[in-house]
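*Asks:* Supplied in C-alpha cells, the structure appears directly below.
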Ligand code: ATP
C-alpha cells in the first residue's frame, strides 16, 4: 500500500462522516465503540451494492434462488452447526464492572509490565501503557478487577425469548446467514423445482461478539453478509470444479464494479487454518490501507452442514437426483462476502486525490465509484437562479426520477464548487441548465472522470444516461 496509508484511512473516515456516508453510532451519547450508522449517501451506496449483487447472482441466473431467513432461529440450529460448541475464546469477566477481556491478553499485559496480582492498584499503572492496557488492569468502578474464573466465551450474541430469562429461553442472534439456507434446503427443493447443481442466495445481518473489532467498518459486531450456498453432486471433484468457478465469479464481481485487479489477492488457507468442515477455502484479500485483509471467501463445506441437520433434526436432508436416480446429501460450495467490507473496499479503491495534472487542484478528491454503485447518478444545476432555469432543472429532475434515476438538485455556489461537491461523493454526471437551455432544449452534461462536457437534448437525456450504464 502507498505511503501515508493511515492518513488515507483517516481521510476516508472523515469524508464518510462529513458527507453522510458513515457516522459513528450513538454519537450524541458519546458513541458506541466500533458500531456505525450509514447516512443518506452510505445507505444508498450499500443498497446499490446489494442490489447489484442480487441482480447478478439471483435474478439473472436460472440456477440460483434467493431467500431471507430469520435472524433468531431455534437454538438447535447452532448446536447442529457447531457454533454453540466451538466459536469460542477463553475470557475473564470482572464481577464488579462486568468487563470481559481475553485471559491471555490480561496475562500478557501483566507480564509485559511486571505487575503482580497483589500489587496496589495505583502502582499497577506504568508509564507507556495504552488506555486499553490500563483498562485490563484497573476496574472502572474503582480498585482492581475482581475476575471470575476464565470461561470459554462464545462469540454468539445471546438473548432471551419471552418473559423468563433462563437457559430454556436462551436464543442467539445468527453469527452467519449460511445456516438459514441449510435449514431450508428441503423447503427450497420442494417449493421451487431447482435441480442440482443449484444455489440459494441470501443477504442479511450477522452478529459476532468480536473481541478485537476495529479498522472502521472492517470488523464490527453487527455486519451484513451476502452468501450463496451452492449444492453440487457429492464428490470432491465436483466440489473442486465449482469452487474454482465461484472463486472466479466472486473476484469478477469486485473488478467489474471498479476494484483494481492489482489490489486483490487470492489466498488459499493452509491445512492448519481450515475449518473442520472444509475441504478447501480461499480468501479474496484486498489491499486495505491497514494491510492486505480478507474481503470475501469461497469454501468447500462438503456435506457437513446438511448431514449435521439430518442428525440433529431427525429429518433426512437427502436430495433425490432424478437424472442419476440416486439419493444423496449434496456437497456445498459457499461463496461469501461481507457487504460492509465490500463497501469499504469500493470506497478505498475509488478515493482519488488529484495530483493537479487532470485540471483539478492538487488534493481535490474525486470518488471514482462505478456509476451503478454511486448513490447519486446525476446532479442537476441551474446556472443562475433566474430566467426559468431552476424551474426547468426541476422539470428535468422529475423526468429523470420517473425513469428511476437518482438525482440531486443544487443551486448554491459557483458551478465549479458544485462540481467539486459532487466529485467528492462520486456522482458520475452533472447537468447544467443555462441561458440557452429553454431555447435550444438542451443542457450541458459533464462527465466526472473525463471532465468532458457535452451538449445533450433534454428529450434525449434518459436514453443518454441509460447508455452510460448508470
Ligand atoms: P475474519 O477472518 O476476518 O474474522 P471470517 O473468516 O471469520 O472473517 P467468515 O466467517 O468467512 O469470516 O464470514 C464471511 C465474510 O463476512 C468475511 O469474508 C467478511 O467479509 C465478513 N465478516 C466476517 N466477520 C466480520 C466482521 N466482524 N465485521 C465485518 N465483516 C465481517
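Cβ atoms here come from the backbone N, Cα and C positions, even for glycine.
Predicted automatically and left uncurated, TrEMBL annotations should be read as such.
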*Asks:* According to TrEMBL, 102, 223, 224, 225, 226, 227, 334, 335, 336, 337, 338 bind substrate; which of 144, 149, 176, 273 is also listed for that site?
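*Replies:* Only hit among 144, 149, 176, 273 in TrEMBL's substrate site, alongside 102, 223, 224, 225, 226, 227, 334, 335, 336, 337, 338: 176.
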*Asks:* Of 208, 210, 219, 295, which binding-site residues come within 10 Å of residue 225 (substrate binding site), going by C-alpha to C-alpha distance?
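*Replies:* Qualifying among 208, 210, 219, 295: none.
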*Asks:* Taking 10 A as the limit, how many CB atoms besides its own sit near the CB of residue 295 (ATP binding site)?
*Replies:* 25
*Asks:* Should we count any of the binding-site residues 210, 225, 335, 339, 341 as near ligand 1, judged by a CB under 6 A from one of its atoms, and which?
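*Replies:* Cβ < 6 Å from ligand 1, in sequence order: 210, 225, 341.
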*Asks:* Show me the subset of 208, 295, 339, 341 whose Cα is within 10 Å of residue 223 (substrate binding site); these are the binding-site residues I mean.
*Replies:* 208, 339, 341
*Asks:* Roughly how many Å lie between the Cα atoms of residue 219 (ATP binding site) and residue 337 (substrate binding site), rounded to a whole value?
*Replies:* 13
*Asks:* Counting across all protein chains shown, how many other Cβ atoms sit within 10 Å of the Cβ of residue 223 (substrate binding site)?
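*Replies:* Excluding its own Cβ, residue 223 (substrate binding site) sees 19 Cβ atoms within 10 Å.
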*Asks:* According to DSSP, which of helix, strand or coil covers residue 210 (ATP binding site)?
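*Replies:* Its secondary structure by DSSP: coil.
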*Asks:* Under 8 Å Cβ-Cβ from residue 337 (substrate binding site), six or more apart in the same chain: what's there?
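*Replies:* Residue 337 (substrate binding site) has long-range Cβ partners 225, 226, 227, 250, 253, 284, 295, 296, 297.
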